[in-house]
């Protein structure tokens, strides 16, 4: 044996020596069915092991840790200091400029207080976000006109917020946060870009001073309202008269100012306060201009008189009438998903920058309960906004107390400063919204997706085009459907690759990827890179059969195909259909004069193979090997021994 290995070269000597001891494939330690179910349940619903901190602790300490887990404020509040407060104070006043009066300010008072008690993120700044807010408004406008029936519109908004909160909290309580993972990055990039365009187009009503405007959220109806408004054309006789030139001039001017401030902040991060303070400056300047020039008498639409006061209870305004129940539930689920995705993504992003972790399920519960309480206190759906959280992060906020500071600032505004907004022009609010959502159009991210994965780019574009040409919810549904379809394809059409040997080593790699890899004469070595289950056994059988036919039809092969090696290293699980497939494959290969060998079956796969072998007795002496190299060596040695025995018999 050693002489034979030496004749193969120095690199092969080490392989031959190592192959003298063939390792046994061992099964995982036996476990009861109950223990397996417990482990699977834990890994599915508690992958972060939230109870590990309770292990080995005395009962009193467990109660304290439990209270801190449910109410994170109990964790950081006892050690809170004046230096922390100075950091948390930050520049919270600047966030107010991004909030539309009146209900927008209401939604920035109660929810931040709730989140400061329940939230685990130090950087997350809570409040209404433009995309979720305007999607909710647009979806509810399809059922009721806020201009003709504002009270009913508010009732539907509060009810939709309640459903959003229940949905979000349920995901956290039931540990179903993985459902949000179906919104892939490609889906979100396309969705956010499409929603940003739709939201911006919707704001053309106030930016151009158009009175009659479509309620639909699609690019064609919106552009039709902008350029071909039949109703106003009959009234005004001239198309351009439907636009208010005073409003257009003011809107474009402030929009240019906001975009310039944002551009400067991006180019020079140290000047981030310019983009933060620009909306507030726009509100103040435009309000003064309108007040001094009496611009409301010259075609400039203003907010009008506002009353002072804190949030009023709104639980008696929740509407569960069957006429609108479907609309409010659908609106709540859509806006709940969008707001939850943005909130958790923002929290995790800034947590990674600060070096701490955010519990996704706890955040779902916090955001959900925040919206449930908000729906009962005159608030609509809120979440952690990325832009305002970036302000918190850059200002050096240390704890969730920044949300309390924000809420107190809003409280002062609601109690004493509301009359100052009476002359604020609607066109400036539209410019602020457009300036905010334009940042959601991430062209570099879409380009990177195109370079990395064309299928993901297709998902991204389907989400984008579906949102702008059909509707927000249908565009999102199309993208999620394509993502799920792709997962199903990967499951039902698992990747199988042919492996070859890297000369001078006992390493086997993909023949297509590694040009140096060589086929082993007489062997077909395949690797399956997915679970084997009922959904893909038919495909695997057809694909392996085709591999065998292709191998037998090769003209330049040195020897006939004798062995089929199936590498199961990348097969984590197998079901009864998968076991039946392996048994049938073993029988079919034997009929064609081939010997099937399985390499490195993992714990669960090995356990089921052993149980099946007790019934069907299909595993032979060389049916299982730990590595491909050992399988090749063992089968080659066996084949040579058989040939020698045949030669000896013939000689005799």
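Cβ from N, Cα, C; glycine included.
If you look up TrEMBL, you'll see 150-174 (among others) marked as transmembrane segment. Here the transmembrane segment (150-174) has Cβ contacts under 8 Å with residues 45, 103, 136-137, 140-141, 143-144, 180, 314, 317-320, 324, 327-329, 331-333, 335-337, 339-340, 360-376, 378-381 of the same chain, all six or more residues outside its ends.
If you look up TrEMBL, you'll see 186-204 (among others) marked as transmembrane segment. Long-range Cβ contacts of the transmembrane segment (186-204) within its own chain (Cβ-Cβ under 8 Å, at least 6 residues beyond either end) map to 130-131, 134-135, 138, 210, 213, 217-219, 222-223, 226, 338, 341, 345, 430-431, 433-434, 437-442, 445-446, 449, 453, 456-457, 459-468, 472, 475-476, 479-480, 483.
According to TrEMBL, the feature transmembrane segment maps to 243-260 (among others).
Feature annotation from TrEMBL assigns transmembrane segment to 272-293 (among others).
Sequence annotations record features per position, and here TrEMBL assigns transmembrane segment to 364-383 (among others). A Cβ distance under 8 Å defines the sequence-distant neighbours of the transmembrane segment (364-383), meaning residues of its chain 6+ beyond its ends; these are 103, 106-111, 114-115, 118-120, 126-129, 132-133, 136, 157-162, 164-173, 177, 311-315, 318, 332, 335-336, 339-340, 342-344.
Here TrEMBL flags 404-422 (among others) as transmembrane segment.
The list of residues near the transmembrane segment (428-450) in space but at least 6 beyond its ends in sequence, with Cβ under 8 angstroms from a Cβ of it, reads 97-98, 100, 130-131, 134, 185-186, 189-190, 192-193, 195-197, 199-200, 203-207, 250-251, 254-255, 258-259, 262, 278-279, 282-283, 286, 303, 387, 456-457, 460. If you look up TrEMBL, you'll see 428-450 (among others) marked as transmembrane segment.
Residues or ranges marked as transmembrane segment in TrEMBL: 457-485 (among others).
What TrEMBL lists as domain 'STAS' is 513-635.
Sequence-distant contacts of the transmembrane segment (457-485) (same chain, six or more residues past either end, CB-CB distance under 8 Å): 135, 138-139, 182-184, 186-191, 193-195, 197-198, 216-220, 330, 334, 337-338, 446, 449-450.
Helix first, then strand, then coil: DSSP counts for the domain 'STAS' (513-635) stand at 54 helix, 21 strand, 48 coil. The average pLDDT the prediction assigns to the domain 'STAS' (513-635) is 88.
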